[in-house]
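Here's the structure we're looking at; comments come further down.
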Amino acid sequence: RDCESDSHKFHGACFSDTNCANVCQTEGFTAGKCVGVQRHCHCTKDC
């Protein structure tokens, strides 16, 4: 089962999945990607 959350540390529009994933890892998540029309960074991890 995956837990999902918007990144709390990522600011601004998200255009790089790699950058998003790196920020998510500093928040304790295992992955992250840019999603949505507004391109926000969305983090995921196993829970």
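Here the Cβ of each residue, glycine as well, is placed from N, Cα and C on the backbone.
Feature annotation from Swiss-Prot assigns disulfide bond to CYS3-CYS47 (among others); the stated evidence is similarity to another entry. Cβ neighbour count for CYS3 (disulfide bond) (all protein chains, 10 Å cutoff from its Cβ): 11. Look at CYS3 (disulfide bond): DSSP puts it in a strand.
CYS14 (disulfide bond) carries neither a helix nor a strand DSSP state and counts as coil. For CYS14-CYS34 (among others), the entry in Swiss-Prot reads disulfide bond, with the evidence type similarity to another entry.
In this structure, CYS41 (disulfide bond) is part of a beta strand by DSSP. The disulfide bond annotation in Swiss-Prot covers CYS20-CYS41 (among others) and rests on similarity to another entry.
Using a 10 Å Cβ-Cβ cutoff, CYS24 (disulfide bond) registers 25 neighbours. Annotation note: CYS24 (disulfide bond) sits in a helical segment as assigned by DSSP. Among the features that Swiss-Prot reports, disulfide bond is placed at CYS24-CYS43 (among others), with the record citing similarity to another entry.
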| remark: Near CYS14 (disulfide bond) (Cα-Cα within 10 Å), the disulfide-bonded residues in question, chosen from CYS20, CYS24, CYS47, are CYS20
| query | Which entry in the list of disulfide-bonded residues, CYS14, CYS20, CYS34, CYS41, CYS47, has its Cβ near the fewest other Cβ atoms, using 10 Å as the limit? | reply | CYS47
